[in-house]
Amino acid sequence: MDTYAVIGNPITHSKSPFIHTQFAQQTGRSMCYTTLLAPLDGFERTVTTFRENGGIGLNITVPFKFEAYALATRLTDRARAAHAVNTFRFEQENEILGDNTDGVGLVRDITINLDFALPGKHVLLMGAGGAASGVILPLLQQKPGLLAIANRTPDKAIALQQQFVNHGNITGGHYQDFIGQQFDLIINATSASLHNALPPIPADLFHGTALVYDMLYSSKLTPFLEFASTQGVTNLVDGTGMLVEQAAESFLLWHGIRPETQNVIRQLRDELHLHAS
């Protein structure tokens, strides 16, 4: 049976095995999908061992997306643009194809599942790590009026601005730099919610915002979404839909078929609430 896994640290919280099990049943594929904990200093070693034991492909999550980019021997165009990789497909001659499905997963969830049109909108993206860099190009391809990147370390946000400056109207800086501006959509791409923490976003930035989105998923509102709700935002969405949509893109890369996602999103929400009760 073909073996796949999601690799990260921490990893026990991951719902990727649940999602890919649903996809396999839906499409009639025989596959084993599990979690793989890698030491913070042992990503490449863990990947090599997994492959030597017959692994076919991997999903990569926090904090290894930049290391995965460096380890891949071939890259898809979207992974090359992102400088970050969240999917490996192992190929012949020890080749590793690296892809990044985060951006298309996010955009599909926002534009299709949530029916939120991005053209002309002002978007604030919080964070400048692997999760953020993976979604910038797909967001810009939707032609927003502005994509602003805010980060605790502004130099990293400015570096991303310079990396993607030819793809659309993009700017970068510290959170405080955007006080007084109004955004239609605010996206949290930091890992703060993973640690039950709140990014340093000024309350002022939520004024007039139509949709607030946390790329991490939870059985209840994340601290970021809870904070947004106290500022009067009512359209609050976590990353459950994005997780399923990006997983479907990985499944497509591995198996040549894109599974249906709507039912799986509903099943995953039920699963999250079941384990929270």
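Even glycines carry a Cβ here, placed using N, Cα and C.
The record from Swiss-Prot ties SER14, LYS15, SER16, ASN86, ASP102, TYR217 to shikimate, and of the options THR61, THR190, THR234 it ties THR61 to that site too. Each residue contributes its Cα atom, and for ASP155 (NADP(+) binding site) and LYS65 (active site, proton acceptor) those atoms are 20 Å apart. Note: the shikimate site is recorded as SER14, LYS15, SER16, THR61, ASN86, ASP102, TYR217; in the same chain, VAL6, GLY8, ASN59, LEU243, GLN246, ALA247 also have Cβ atoms within 8 Å of that site's Cβ centroid. Relative to THR61 (shikimate binding site), the binding-site residues ASP77, ALA128, ASN151, THR153, MET215 all have Cα atoms farther than 10 Å away. The separation of LYS65 (active site, proton acceptor) from THR153 (NADP(+) binding site), Cα to Cα, is 19 Å. Distances between the Cα of GLY130 (NADP(+) binding site) and those of the recorded positions SER16, LYS65, ASN86, ASP102, TYR217 are shortest for LYS65.
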